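Here is the structure we will look at, set down as structure tokens.
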């Protein structure tokens with residue numbers, strides 16, 4: 001059987017009556033068109049045609065896509081991603097398939113975030129025989145509604161706590177089972193540092209599959225929380241005074257089918273490729289965060305304290321540096337970029353991280369010496385003496401860095417780059433001109 005026939009067999013076996021053709025906008029927010037599966041020979045013929053060729057949609061209302069005068073677009077399903085949604089009824093079930101966005105002339109749409117990542121990966125493969133693997137650690141909060149109608153942390157537990165303190169153990173159990181039904185290899189789940197904060201870790205994979213998984217992960221958790229009358233949020237810093245939510249990204253590149261970060265004879269057992277990749281990440285870090293930390297709120301997390309990864313340095317085990325190389329060495333040697341948060345569009349975030357790292361490899365950059373001291377405890381003068389800079393303090397400063405970065409501009413492509421800058425500058429202006437509760441409390445007495 002070909003791929004379409006296999007998909008039709010899966011649909012029949014699982015009694016699928018609706019298929020969600022899913023894609024994401026420039027923010028990484030999932031969108032979909034629900035296609036009803038029809039009975040009879042005519043229905044089967046139509047289904048085959050849709051699975052093979054895709055479905056048309058109007059792209060003019062999708063932020064960051066196209067204008068109304070050129071709005072017709074097509075969703076072409078990646079049939080490897082077809083999966084029944086485990087939270088929907090098993091009778092007359094609902095499946096989703098992740099799609100690539102195409103123009104009506106049959107070419108990949110340059111504003112499709114998934115297509116953007118695939119384009120950069122294809123170039124990497126063509127030039128260096130390269131593969132990019134990512135293992136993210138997205139954190140999130142589970143909230144409950146209090147008597148005043150406010151959303152507050154659903155439990156009072158802390159890091160690695162057990163029930164009864166850990167009031168989120170039941171919802172995490174449901175999340176793990178649902179993710180496994182969706183094909184995830186879940187490695188661990190636990191309560192995080194802050195009240196109501198959680199983490200569920202899943203196995204690394206190639207960058208496109210991992211980005212698909214991040215989108216599915218967030219949808220699954222939000223849906224299951226809502227079914228229990230709770231709210232799941234991936235907002236980077238929902239509450240003042242406690243840790244925010246990050247999405248540390250473990251990553252490695254393979255060249256010609258072999259891992260490229262390990263060298264038993266080298267200092268720290270890290271290859272020249274690894275050192276140059278780290279140097280590239282550090283060199284572009286101030287621009288990268290505009291994409292990996294893309295909201296005004298992201299920079300409420302990226303402040304000194306609360307274990308925030310603001311220091312542009314690398315280390316072997318020191319978590320106060322923005323890049324860390326975890327202890328295991330060998331085939332699984334990887335680096336960890338600690339700045340990203342789960343508000344990012346994973347396709348675009350992985351694109352800019354890879355582009356930055358590969359720029360370091362191509363330029364044969366040398367990484368500075370690792371900083372194994374606690375950078376959080378250093379004064380600004382001490383950090384300056386060590387040559388340790390910080391990421392931008394707000395979204396606008398990060399956007400200004402990105403706007404002048406030709407490497408990341410080329411990776412994102414003209415369409416996404418210009419739309420991202422425009423949309424995010426508008427977001428910053430909206431924030432900048434808003435009058436906040438803090439200002440009212442502080443200045444109303446004047």
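Glycine is no exception: its Cβ is also placed from the backbone N, Cα and C atoms.
Taken from Swiss-Prot, the feature Mg(2+) 1 binding site covers 137, 248, 336. Positions annotated as Mg(2+) 2 binding site by Swiss-Prot: 139, 192, 199. Per Swiss-Prot, ATP binding site is recorded for 187, 250, 251, 252, 319, 324, 331. Feature annotation from Swiss-Prot assigns L-glutamate binding site to 243, 244, 301, 307, 319, 338. Per Swiss-Prot, the feature domain 'GS beta-grasp' maps to 14-106. Taken from Swiss-Prot, the feature domain 'GS catalytic' applies to 113-446.
Shown in sequence order, 137, 138, 140, 190, 191, 193, 197, 198, 245, 246 are the same-chain residues outside 139, 192, 199 whose Cβ sits within 8 Å of the Cβ centre of the Mg(2+) 2 site. Across all of the domain 'GS catalytic' (113-446), the predicted model scores a mean pLDDT of 95. Straight-line distance linking the Cα atoms of residue 319 (ATP binding site) and residue 307 (L-glutamate binding site), rounded to a whole number, equals 8 Å. Residue 243 (L-glutamate binding site) has a Cβ environment of 19 other Cβ atoms inside 10 Å. For the domain 'GS beta-grasp' (14-106), the number of residues in each DSSP class (helix H, G, I; strand E, B; coil) is 20 helix, 39 strand, 34 coil.
Take the binding-site residues 250, 301, 319, 324, 331: by the count of other Cβ atoms within 10 Å of each Cβ, the lowest one is 331. Closest by Cα distance to residue 252 (ATP binding site), from the binding-site residues 243, 244, 336, is 336. Listed in sequence order, the binding-site residues near residue 248 (Mg(2+) 1 binding site) (C-alpha within 10 Å of its C-alpha) are 139, 338, out of 139, 192, 307, 338. Between the two most distant C-alpha atoms of the annotated ATP binders (187, 250, 251, 252, 319, 324, 331) there are 22 Å. When the CA atoms are compared, the binding-site residues lying within 10 A of residue 137 (Mg(2+) 1 binding site) are 199, out of the candidates 199, 244, 301. Using residue 243 (L-glutamate binding site) as the reference Cα, a 10 A cut-off selects 192 from the binding-site residues 192, 199, 250, 324.
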